[in-house]
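Features of the protein shown, as given by TrEMBL:
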TRANSMEM  42-63  transmembrane segment
TRANSMEM  83-104  transmembrane segment
TRANSMEM  111-132  transmembrane segment
TRANSMEM  144-164  transmembrane segment
TRANSMEM  171-190  transmembrane segment
TRANSMEM  202-221  transmembrane segment
TRANSMEM  242-264  transmembrane segment
DOMAIN    247-442  domain 'Major facilitator superfamily (MFS) profile'
TRANSMEM  284-305  transmembrane segment
TRANSMEM  312-332  transmembrane segment
TRANSMEM  338-363  transmembrane segment
TRANSMEM  413-434  transmembrane segment
Amino acid sequence: MSEKSNHDQQGAGLTSLVESAQASHESINAKPPPPADRGKDAYLFLASCCVLEAVVWGLPFTYGVFNDYYSTHGPFDGSGNLAIVGTCSLGMLYLDLPLVFALVQAYKQHIRSFCALGIIIMGLALAISSFATTVTHLILTQGILYGLGGSLSYSTCLILLSDWYDKRKGIAFGIMLGGTGLGGTILPIVTERLLQSFDFRTTLRALAVAVVVLSGAFVYYMKPRVEPDRRRSLRSQVGMRFMKTGAFAALQLANTVQGLGFFLPTLYLPMYARSIGASQSVGALTVVVYNIASVIGCILMGFIIDRWHVTTCCLACAVGSSFSIFLLWGFSGSVAPLFVFAVIYGIFAGAWVATWSGMVKAVQRSETTADASTVLAWISTGRGIGNVVSGPLSEALLRVDHWKGTLAYGYGSGYGILIVFTGITAALSGSCVLGRKLGYFK
């Protein structure tokens, strides 16, 4: 028995020695990972993120052009709930990120496949929506299905950003988010031209092909900087203790309230522009101007968020946004002040999402075990709730607007209550600064 025991121990020791030698050999031969924050690979990854951002988010932020077209052309003219299509596509992009993040993180070695699958789903959603005959069909395809595919492909950018960027994460995040403005600058013009030259069916099919081709060309660069741990599973995800912190509660409340009104100006600006005598092309340009301004806002906030406290940044966004809504949109009776509004609102409201990197850092200071990607996913969900609710809510507000014809300028245009609601939500989004006064932030 003793000899057998000694023999087993010697065998175990030999096995351990061999495994150690193999691990050492692999470690010696392993190629060092590319540097973070700099270098060709990091820059190519960031450029790819910008393109994906432009495609994934550019179309939902162009929906105002579709909304204007659908409301005046068959088979949807006169139909209600058209706004819900746009808010559902944006809302789904945000809402399901916690689940998508957990899935992609668990199988990170397949992250390119997830990105490609999401792109295919987006293309299919647009292609299928071209056969729609009712608003419900549009909600299910151009709205929900597109959002699901978009969140799957976009999640790869957010997850890998922390891998490729550390010290320059704030500015990298701001540059990446600027891709939304890039897509939102080009796509409204292209979409409006296609809709005027053809019809919505041909337009959606052309956009479906463009989404797959443009996005698919950059899937290769969606790769981890460091080889992922293949043993990680869904159960190994970081806990949710950060959700009990005062910092997360204050920021999430402000974030959700901001989401309630954020999307409404870009959704209704083309229709509002037509109501004051502008053409459909000019109405589409208001969305373009907003998106150009949002690029500037995101990049500026990317610099600022690494230097200022996140609540200060949120307050700045809230003040600038609410000022532009109440004074510029509310008192715009012609196209010129409407374009000024699009610029100011684009800079301040468009910059809000760039504060998210600061929100993540603030939550991690309160709860050191919090995983950055998980926190970001739940922050996205908060905004998604606001976006989804804002669709039917805005339709209801427009139906009960009793100020039409009784007040002047925008407040008496039929969009008055909508303008006031949007301004109030923008102002309340700065309430997170109270959490700092109450000592919720470390």
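Heads up, the Cβ atoms here are built off N, Cα and C, so glycines get one too.
The transmembrane segment (144-164) shares the most Cβ pairs under 8 Å with 111-132, out of the stretches 42-63, 83-104, 111-132, 171-190, 202-221. For the transmembrane segment (171-190), the partner stretch with the highest count of Cβ pairs under 8 angstroms, out of 42-63, 83-104, 202-221, is 42-63.
Within the chain carrying the transmembrane segment (83-104), a Cβ under 8 angstroms from the stretch's Cβ atoms is held by residues 56-57, 59-61, 63-64, 66-67, 70, 111, 114, 135, 138-139, 142-144, 146-148, 150-152, 154-156, 158-159, 234, 237, 259, 263, 267-268, 373-374, 376-378, 380-385, 387-388, 390-392, 394-395, all 6 or more beyond its ends. Note on the transmembrane segment (42-63): residues 34-36, 85-86, 89-90, 93, 115, 122, 126, 146-147, 150, 153-154, 156-157, 160-161, 164-165, 172, 175-180, 182-184, 186-188, 191, 207, 210-211, 214-215, 217-218, 221-223, 225, 266-267, 287, 291 of its chain, located 6 or more positions outside it, place their CB under 8 angstroms from a CB of the stretch. On the 0 to 100 pLDDT scale, the domain 'Major facilitator superfamily (MFS) profile' (247-442) averages 92 in the predicted structure.
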